[in-house]
Structure formats: C-alpha cells, structure tokens
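J.: Shown below is the structure under consideration.
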Amino acid sequence: MARAKLPRSPSEGKAGPGGAPAGAAAPEEPHGLSPLLPARGGGSVGSDVGQRLPVEDFSLDSSLSQVQVEFYVNENTFKERLKLFFIKNQRSSLRIRLFNFSLKLLTCLLYIVRVLLDDPALGIGCWGCPKQNYSFNDSSSEINWAPILWVERKMTLWAIQVIVAIISFLETMLLIYLSYKGNIWEQIFRVSFVLEMINTLPFIITIFWPPLRNLFIPVFLNCWLAKHALENMINDFHRAILRTQSAMFNQVLILFCTLLCLVFTGTCGIQHLERAGENLSLLTSFYFCIVTFSTVGYGDVTPKIWPSQLLVVIMICVALVVLPLQFEELVYLWMERQKSGGNYSRHRAQTEKHVVLCVSSLKIDLLMDFLNEFYAHPRLQDYYVVILCPTEMDVQVRRVLQIPLWSQRVIYLQGSALKDQDLMRAKMDNGEACFILSSRNEVDRTAADHQTILRAWAVKDFAPNCPLYVQILKPENKFHVKFADHVVCEEECKYAMLALNCICPATSTLITLLVHTSRGQEGQESPEQWQRMYGRCSGNEVYHIRMGDSKFFREYEGKSFTYAAFHAHKKYGVCLIGLKREDNKSILLNPGPRHILAASDTCFYINITKEENSAFIFKQEEKRKKRAFSGQGLHEGPARLPVHSIIASMGTVAMDLQGTEHRPTQSGGGGGGSKLALPTENGSGSRRPSIAPVLELADSSALLPCDLLSDQSEDEVTPSDDEGLSVVEYVKGYPPNSPYIGSSPTLCHLLPVKAPFCCLRLDKGCKHNSYEDAKAYGFKNKLIIVSAETAGNGLYNFIVPLRAYYRSRKELNPIVLLLDNKPDHHFLEAICCFPMVYYMEGSVDNLDSLLQCGIIYADNLVVVDKESTMSAEEDYMADAKTIVNVQTMFRLFPSLSITTELTHPSNMRFMQFRAKDSYSLALSKLEKRERENGSNLAFMFRLPFAAGRVFSISMLDTLLYQSFVKDYMITITRLLLGLDTTPGSGYLCAMKITEGDLWIRTYGRLFQKLCSSSAEIPIGIYRTESHVFSTSESQISVNVEDCEDTREVKGPWGSRAGTGGSSQGRHTGGGDPAEHPLLRRKSLQWARRLSRKAPKQAGRAAAAEWISQQRLSLYRRSERQELSELVKNRMKHLGLPTTGYEDVANLTASDVMNRVNLGYLQDEMNDHQNTLSYVLINPPPDTRLEPSDIVYLIRSDPLAHVASSSQSRKSSCSHKLSSCNPETRDETQL
C-alpha cells in the first residue's frame, strides 16, 4: 500500500537558514549520534540566525532538534547579584544589617569618648586656630555660640570617625541604588537617609578642609539609625529561622529602643548645648533627662540657655506623641496575644513534658473533666497541657485558667490543627500525646466528625511519632482514624451501654465509676451509711501488673485463674478480672478455670489503688483472723475499706455460718426480712450447707455456667398453648450485613431466613402477618423500647449485645425501635436478620405512639438524646424537652423502668424532680461539698445516676483521658459492653439474689460459690433498699415486717429490676388479675398501720401535718385516676385492649420498693418514704447480701473449650444447671 504523503507546511517552500532550498535533504547525522543531542545549525559562523532556530521554523524535520534554555537570566546582572546579597538572601542580608547595626553603635560610642575627652576650659576653636577661653555669665542674655559650634577632637579619634563615616556613606549609596524603583526623591527625603547625610558628609568634607575637623557633628543621632537597623535585623532573623509569631517581641523591642533613643538623644543634646551654659557633665545631663521624662522634676538641675530649654520642650513633645502610639500598639498586640495564646517554646518542649488537646470549641465542662481526670494521676503532675483551639476563650474558661492551680500548667493557644504553623507553636512533634475531641453539641455531627478526621490526619502528617487519642462520634467514621493509637467511638459505647442497662441494671453507672479516677473518699463524712459505702466502693478502678512482680498474685503461679481470683479477693480484697499472655496482645476477661497462670502474664484487677501504692498490714490481719474465728464481728455489716493505706487484709471469710439463724441489723434505712432461716438438709436444721472449695486446677468435670452450644435443652422453645404461634428456630451466626465499616463481628442469635422489611413494622400488618399491636404478637418476655430520632448506625450496637450468642434464648426480650424518622433501607437490611426486632415511627412525646408500640407491656424504655436538640441558644437547655417528656411518662406509667440519656450531666438533678423533697436538697448540698473538695464524681450521689436511670455520654470522656496512663482501658470497656468479642474472653451479666440465696450470707461466700460451681467472677453489687427520707425520723416509721406481707405475694424486693445473663426480668403488677385485690388489701393494711403509728410517735403538730398529708394524698390519687382514665380512653380510641394498663396502673407498696426515687402510692401518702439504688464495685468480702441485690458477673466464654470438653459437659450439665444457672425470670404471658 502506498504511504500517504504528508502535506507540506508553508515554510517548506522557502529557503532554509543556510540558503539551500527547503526541499533539499538535510545532512545526515553521524552514525550513533543520539538525536537528543543539540543539533548544529548551518550557515555562516557569525550568523545569529544559524545559532538559534526560529520559533516558526519548527517543521517535522526539525522536531528532533533541541534548544538549551537558560532560566532566570535576569538574575545574572551585577545589580541583581548585589541585590540578592544585600537584600534578598536572608542570611547574607542579616549579616549586612548586623554589621550596619554595629557600625552605628560604634559611632555613638565614639561620640561618648569624644565628650569625655573634651574639656571646654582648655580653649575653644577650629582645627589649627588659636584657642579661646569662655566663661558663662548668668546675668547676660547673650549666647556665645563658639562652644556649641566647635569641639576638641583628637587626631586618632577623628581618623576613626572618618573611616566609619566613609563606610556608612558608601553603604547608604549602594542601598539607595539597589532599592531605587523610579522615584529618587522618595529615597532622598527618607528620615534615615537625611540622618546618614548629616552624620557622614561633614566628616568626609573635613578630609579636604582641615579647619573643620573640630566642627561639631551630631553623631549621637546615629542611635536612631541603630534602632532602625536593629528592627530590620530582627525581621531578617525571624525570617531566617521561619519564626512568624514575633510581632509581640518586635513591638516590645521597638518600645524599649524608642525610650532608650529618646533618653540618649536628650542627654547628649542637652549636654552639648549646655557647653554654652553651666557646662553640664554627661552623667548630670542623663540624670536631668531621667528626672524630666519620669515627670518628677526636682529642679536641682535646669538648662540655663534657651537652645537647651527649647530642646527639652521638643523632646517632651516628641515623647508625648511617640510613646503613647507605641504603648497603644503594644497593648493591642498584648490583647491579641492573650487571645491567640502565644507560643510554647522549643526549649520548654524539649526539657518538659506536655500533651496537646485539640478541640473545635472549648467549653468549661469539657475542660474541667479533662483537667481533673488527667491530673488525678500522680505521675502526671509535672505535665503541661497545651490547648489548641480555633476559637477565642470564653469568659468562663479564661476565669478558670487564671486560677493558680491551672495557670501554671495549662497553656491556651488559639489556632488550627490543620496549619503547620499552629502545630509548630504547640510543639506537637515534641508532645507526649495529642487528644483530639469532637464537638458533640453540633447540629451536624457528621460534619464534626469530618473535622476531627482532618485534624487527626494533619497531626499524623506533622508529627507521626506523637501518640494520638481520638474521639469520634459516628461509628461509620471510625475506620478513617484507625491509625490512631486509641479511638473511642461515642455512639458505639453509648448504645451498647444503654442496651446492657436493660438486662444488667445500672451498667452505665458501673462503667462510669470504673473509668473515673477517685480515691474512694467521696461521702465519707456523710451520716448516711449507704453514701459512705457507695462512695468508698466508687474508688475502685482497673489496674494491671505483671504476675511475676505482684505480691497479690505471684503465689498463684501454676494455679487456675478462678482459684487465683477467689483467693486474691479473700486475702487482699482485690478482684482479678482478666489477663493477657505475654505472646498474645488480646486481653481475656475471666478465661475460666482451665487457664493456668504464668509468671509472664499481665493481670488486670479491680482495686482502690494499684498494688505499687499499697501497704500490707499483716498484724491487723492476724487480729481480724482471731476475731473471725472467735465468731465476733463477722456479720456486723460491711467492712470499711481503709483509704490511706488502701489495701490491707480483708480477713479470712469463714465459709460456714456460725449459727442457724440470724436477725439482720437495721442500719441507715436498709431493711431485710425479720428472720433468715438457713435451708436444712434431710429435714434437719443441724447441718450447715457447705460450699465446694475452689480447685487449684480444673478437673475434667468442671463446667462453664452455660454451654449454649452443647446443651440445647435450654433453648428449646415450647409452643404457646393459647396463642398457637408457629415456632421459629433461631440459629447462631455472624450478622450478614454490617451497617458500617469497622464493626466488630459478634456471634448472635439470628433468624434462619431474613425477615421481610414489611414484617419489621410493629404497628402495621402485612401479607405475612396481621399483627398491629404488641399484645397480638404474644411475646413471652417484656419489651425493650428505644426512642431515638433517627436510625443511625450506632443503633445497631444496641441490638447486638442483646442478641449475643451467650444470651439464653428464653431470655431474649423483643426490641421495639420508636423512631421519629423512617429508617433507611441500609439500616433495615442490617437488622432484618435479628429475631424479635421491630420498629415504629413515632415520638416519645406522643401518647398514641407510646401506646401503639406497647409501652404497657414494656420492661424498659430507653430515651436516647436527640441530635437536633443537643445544641441550644442557652447553655444547658438542650435537655429541657427530654426531661419534661420523661417526667410525663413517669406520671403516666409509674411502673416502667426508664433510662434517659442527657446532653449535660448537670441536668440529671431534674430527673424525677420534686421541689419539696428535703432529701434531694440534702443530696444537692452533698454534691456541692464534694465538688468543692475537688472530686471528679461530685454527681455520683444523685439518686437517678446512682440507680443507673440517667446517663450522659460526656461521662465517658474520661475513658479516653485515662487511656493515656492505662492503655488497656478502652479494650476492657469494649469487652465489658460486648462491643468486641475475643475468643476465650468472658462477658458481663448479672444474677439476682433471692431469699433462697440468703443462706450464703456474705459477698465473700458468694464469690467462693460462684468460682467453685460456675467459674464466674463477681465484680460488684447493684443494691436497692428502702430508705426513710424525713427530717424527723420519729414522724414516720416503716417496719420491716410491713414489707414482708407484700413480699410473700410478689417475691423479693428486687423482682422488678431487669437482669441479664442467667438473671431474669422484672415482674409486672398484673401477672394475674386475681391477685390485685389481695395486693390492694395489703396496701390498705400498710396505710392503716401507718395511720396508727403516726399519732403515737409524734405530737399534735405531727398529727396535724399527717392529716394534711392524707388530704393531699387524696388529691393526688384523684390526679392519678384522671391520668389513668386519659390513658385508657386513648387506648380505646386506638383499638388497643386496656386490661394490661388496668393491671399496671395500680401500684402497691412492693412496687415502690423497686422504684428509684419514685413510688407514687406510698410517696403520695407521705413524701418521706422511698427507695434508692446504688452500685457497689468490688465490695469487701464480709459485705452482707440482701434480698433484691443484683450481682454483676463476668462469665466465662461458653465457646472457650467446646471442642475439648463438649462430651463431658453434655453428660454433667443436666444436674448442674439448676445450681449454676438458676432460672429466676418469670415469663409473662401477654
């Protein structure tokens, strides 16, 4: 095929540069010559055209030719090179300015030398002229100008001054030439140029005219040129070292130099002019200037002639104009510096330790939480905190940072973490850690997370070796900051904690107390026994130690974990909860009896303080042993933990009771049964029940508490006889659809087939089922309702812990999501695989929505803080709507357990608020006193928080701060909350103490029983007790026997408290309609006893008050009946059955015993009788067990040894399940 010819360019028809036709072939290049080498042009040698190829002559044939291009040729000129050396180059120009500054200082020094060597009394005259003597006549008004015009200058001094003047003149001319920009007059009339000419040209003239060598030249004016050179030199110096935050330093330097120049000019000027007067010395003139400028004016030295007087006036006027301007600029810069915070010096960063706190906006609550928690650790007292925030300090933060306690340790810098200059100011690369916190009160929390992510990236880019501690809000954004050393996701922890609150009461309080640093001294001055006990146990935290270095645990090397946990608690009062192998990074909570301890293991334990700060007082231990064996003081109540020495022996716990019967003491309002008889064996009360010893090594028959895989009998679902529902088989597996990247896989109970989206809607029927209300579903267990604004990805973490594989299938509670907005498709896809999970659109402030979602059949209601209300125009008002709505629900549904999330922890005092409650006022005073004492847990005595009924996510901020010292705290917290699952690690659950368990008597004996029978580790108690909240204890008294009547009908006090694991749900007031008349009769009996006691125990005034309370109770009861009628009418209007509400609307005395700071029936009769609940973390071994106690347990992983021992478990599980994992949860048929 013939090749097509390229069309000719217009230039091809013209002659080439060498005169040859364009069409002629170009000379071939030598063989082997690279076409990349520059081609040699043809034509004559002198032809400029032959050396450079024209731009328009780039044809196809010349495209391979190259032209060497030289850049920045404009800088090759002589002027540009001089400009580069004298002006542009930072280091060379700095040297030039330093030389110029030294030159000016030298001229001022030479002037002072000339003044000191000059003596006017020896004669005055020009160079080589005859000298004339002059004496001042004070009476004459004429001035002899000769002493002012002529001075005595030595030859050597003159020569030096001439040389310096010539150098200064030449340098000035050169700089004028280099900085010339077209306007010469601008250069000439500059003050610095005029001064240069005045001080240099006369010296140059004296070279050619010798008589003028004694002419006076005001060389002292060079001080102003020196000041100008110093300013330029400092600017160049800062530019050379890349220091940009130097305005304050420059202004201070300018002000100081201005003052110095004014004084020096006035001193030298007055001294010279007074040569025609009294001939003042330089020192006297300096004294006069200082006295005059300081406005003192003694009058002992005064100028005598008018020129010197005129100079003084001029100098004062200049000072009055210049100095205020300088001071104004200095004050302005100082105020700006106060706002921006200045710098953290490099020297301090290298010699001191500091951490950096990066926040979007700094609020006083966040600041104090951080400072109190960070500086609660003794080894952090010498650390500095540098706060980097883009906003100005508000008034409250500024006031706090001016307190001497914080002003010496906290440095506030206004700046952005995205700017390297601000990170340099904070010396991020030298920091020990960087905490990056998100602004949770923003309306757009996703945008707040994005800002946090960028800050984390910026810090990692600038200081890759600085440890990062990042707080993120949304779980879907967590994977962007996985590179950080420690990450806390707020919504993950929040929802998991609220979920556990439904099955393990007050988990939020338990975790909050664990992650706060405390010495256990809160409430120790309170007269209330429960406050002292609660405050003392709140000081327990998680610590770690290497087993081989531990006095607590090293004696148990080679023993089982369970054996070590029990004996360490028995001997030292410490609670061993987990460990970590040296060759494994995973932390295992309660790995079980088959785990043998090694010296290299890292042990994690709960105690008041770490072992290194503990003292061992063995003498007291021996005394207490003797007392224990003699039967004295064994059951006198909870032992007091020593605070100063922290750890001493808790005494040996006797494992056999000393008697067959014991009447508990009534202390501080705690109540129990009148008689607690021990169970008998073979019909005889002579034998005491025994507890099996904890084995050093687990034998083959040792069982974990509940093996959910090998024993399926527990999970077999019995079809309901009256409902006729089809049995749905559940499977165990991992959820197939995670709503976000980075969620930890957890083995859960799942549906074998995903439920259609239409079946997830609770209040609307579909083609698969026609149920439109909760009762129609016929749930065996009570509902858990979650009220949230949107179905965010964090809500997924509420469901997973409640559907984890280790939860008994018979204990799974139906979950109803009450959402303000319709969930999206991705969220429904994630939850459709879980059994008994439904949603409904509605709001918590709408009664119809609450009734439709089945609130009267609910066991727990969780009210999640709404994102749209987290920010308010007025501080702390963000929770107003939530608080009022929850208060309304308490009035409408008093038997419901409600857990509320608040934005601000300080607002928890408004939960279940009663204005005339004297006990709440007393607690408020206690909180203020604890806050004044510097406690980190001042809010802990608020009854809603102590009972776990209120929670704020800001309480968990300390988890991130505490991780700086304890890098394992986030991992342990996530394991306890069920967010992470590690093979072989246990999980948190709870067990309820019933009257049948009271024979165990003490917490230490319970510890032994659980360790020996089911390998469970108890870590605390959730206690509910009655309390008399009265100003006069004699006014109203409640006998324990009065409570026994109701307990005989409804069971133990804590039967309404939801538990998890093997513990069971709460009884409702309407389990059997037939029992309500009996309960109401018991309530009336209680009221009659109360009415009989009141007149006896009080005088006439008390009786009158009692009568007024009775009248008030009648009014309140009518109010409750009105609310009840309102609810029933709405239920009838919606087509819902009212039988359930009729049952639960009537509360009895035992209901009150199970409510936290509630109890409308008894409380309306008198405002003093009530109950309270609180958490005891790791109580002493001899702490008395009480009915209604709920014990927190860490249960071993049931999958830990399935492969090795499934057969042995199967054979022996049948006769041990009744004792190891008792079923105490009553199933309520709806």
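Just so you know, glycine gets a Cβ as well, placed from its N, Cα and C.
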J.: Looking at 193-208, 849-864, I want to know which stretch Swiss-Prot calls transmembrane segment.
T.: 193-208
J.: Swiss-Prot tags one of N133, N584, N682, N933 as N-linked glycosylation site; which one?
T.: N133
J.: Which of the listed residues, N137, N343, has Swiss-Prot annotated as N-linked glycosylation site?
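T.: The candidate carrying the N-linked glycosylation site note in Swiss-Prot is N137.
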J.: Given Swiss-Prot annotates R761, K764, N769, Y771 as K(+) 3-binding, which of Y740, Y777 belongs to that site as well?
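T.: When Swiss-Prot describes the K(+) 3 site, the candidate it includes is Y777.
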J.: Per the topological domain annotation in Swiss-Prot, are H238 and A276 located on the same side of the membrane?
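T.: Membrane side for H238 and A276, as annotated in Swiss-Prot: different.
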J.: In the topological domain 'Extracellular' (275-281), how many residues does DSSP call helix, how many strand, and how many coil?
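T.: Taking the topological domain 'Extracellular' (275-281) as a whole: 2 helix, 0 strand, 5 coil.
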J.: May I ask for the residues of the chain that lie six or more residues beyond the transmembrane segment (247-274) and have a Cβ under 8 Å from a Cβ within it?
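T.: The answer is 108, 111, 115, 148, 216, 218, 220-221, 223-224, 227, 230-231, 234-235, 238, 280-282, 284-286, 288-290, 292-293, 303-305, 307-308, 311-312, 315, 318-319, 322-323, 326-327, 329-330, 333-334, 336-337, 342.
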J.: Let me know the DSSP-derived helix, strand or coil state of S538 (Na(+) 1 binding site), please.
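T.: Its secondary structure by DSSP: coil.
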J.: Which sequence positions outside the transmembrane segment (216-233), separated from its termini by at least 6 residues, show Cβ-Cβ distances below 8 Å to it?
T.: 94, 97-98, 100-101, 104-105, 107-108, 110-111, 148-151, 161, 191-192, 195-196, 198-199, 202-203, 250, 253-254, 257-258, 260-261, 264-265, 268-269, 272
J.: What does the structure give for the C-alpha distance between N133 (N-linked glycosylation site) and V296 (K(+) 1 binding site)? Integer Å is fine.
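T.: Spelling it out, the Cα of N133 (N-linked glycosylation site) and the Cα of V296 (K(+) 1 binding site) are 36 Å apart.
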J.: Cβ under 8 Å, sequence separation of at least 6 from the ends of the topological domain 'Extracellular' (209-215): give me the contacting residues as numbers and ranges.
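T.: 125-129, 149-153, 158, 202.
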J.: When you rank V296, L513, H516 by Cα distance to G842 (K(+) 2 binding site), which of the binding-site residues ends up on top as the closest?
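T.: That would be L513, nearest by Cα distance.
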J.: Identify all same-chain residues not among L513, H516, S538, N540 whose C-beta atom falls within 8 angstroms of the centroid of the Na(+) 1 site's C-beta atoms; report them in sequence order.
T.: T512, L514, S518, G520, C537, G539, E541, L937, M940, I1177
J.: Can you figure out which of V296, G297, H516, S538, N540 (the binding-site residues) comes closest in space to D820 (K(+) 2 binding site), comparing Cα atoms?
T.: H516
J.: Sort out the residues at least 6 away from either end of the transmembrane segment (154-178), same chain, that have Cβ-Cβ distances under 8 Å to it, and list them.
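T.: Same-chain residues near the transmembrane segment (154-178) but 6 or more away: 79, 82-83, 86-87, 100, 103-104, 106-107, 110, 113-114, 117, 187, 193, 196, 199-201, 203-204, 206-207, 213, 219.
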J.: Just give the helix, strand and coil counts over the topological domain 'Extracellular' (209-215), going by DSSP.
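T.: Split into helix, strand and coil, the topological domain 'Extracellular' (209-215) gives 5 helix, 1 strand, 1 coil.
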J.: Six or more residues out from either end of the topological domain 'Extracellular' (275-281), which same-chain residues have a Cβ under 8 Å from its Cβ atoms?
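T.: Same-chain residues near the topological domain 'Extracellular' (275-281) but 6 or more away: 120-121, 134, 136, 143-145, 147-148, 288, 301, 303-305, 307-308.
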J.: For the binding-site residues G297, G778, which Cβ has the most other Cβ atoms within 10 Å, all shown protein chains included?
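T.: Top count of Cβ atoms within 10 Å goes to G778.
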